[in-house]
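The structure appears below as structure tokens.
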Amino acid sequence: MKDITIGLTGTSELTVSENELAKNVGSGSLEVFATPVMIMLMEKAACSCITEYLEGDETTVGTEMNVKHTSATPKNMKVCAEAELLEVNGRELIFSVKAYDEAGDIGSGIHKRFLVYGDKFIQKTYSKI
């Protein structure tokens, strides 16, 4: 990985559709933005801030997510996630993540990713079967 700077930021956004509702992803029965989709958006934001620093077969995998989902978002509202790189410990990258909709904050937390080599990681994973 190229030299990476603490404080890098990344974003990801979407407009909540039927596909992102809790009742349609299996995380609840209501027509509100699903927590698992908020987490996915936060992961995408974290990935987006480091992509240009990866070299060759390098990639990152999520290893930990500790978030609070503090406010519901209705269908058709825009949601944005932001990630900031807080720390690098060897191959571990630690991010602060947050999400907000058009009315304000909806979630926040800490996300950890680990630098791996794609081919080697896939080979090890599929050696399980």
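Cβ atoms here come from the backbone N, Cα and C positions, even for glycine.
According to TrEMBL, the feature domain 'Fluoroacetyl-CoA-specific thioesterase-like' maps to 16-116.
THR35 (active site) counts 18 other C-beta atoms within 10 Å of its own C-beta, drawing on all protein chains shown. The active site annotation in TrEMBL covers THR35 (among others).
Cβ neighbours within 10 Å of GLU43 (active site), excluding its own Cβ and spanning all shown chains: 21. The active site feature in TrEMBL is assigned to GLU43 (among others).
DSSP gives GLY62 (substrate binding site) a strand state. Its own atom aside, the Cβ of GLY62 (substrate binding site) has 15 Cβ atoms within 10 angstroms in the protein chains shown. TrEMBL lists GLY62, ARG113 with the feature substrate binding site.
Taken from TrEMBL, the feature CoA binding site applies to GLY62.
The DSSP secondary structure for HIS69 (active site) is strand. Annotation for HIS69 (active site): spatial neighbours THR35, MET38, ILE106, GLY107, criterion Cβ-Cβ under 8 Å with sequence separation of six or more. Positions annotated as active site by TrEMBL: HIS69 (among others).
Around the Cβ of ARG113 (substrate binding site), 23 further Cβ atoms fall within 10 Å across all displayed protein chains. Cα of GLU43 (active site) to Cα of ARG113 (substrate binding site): a distance of 9 Å.
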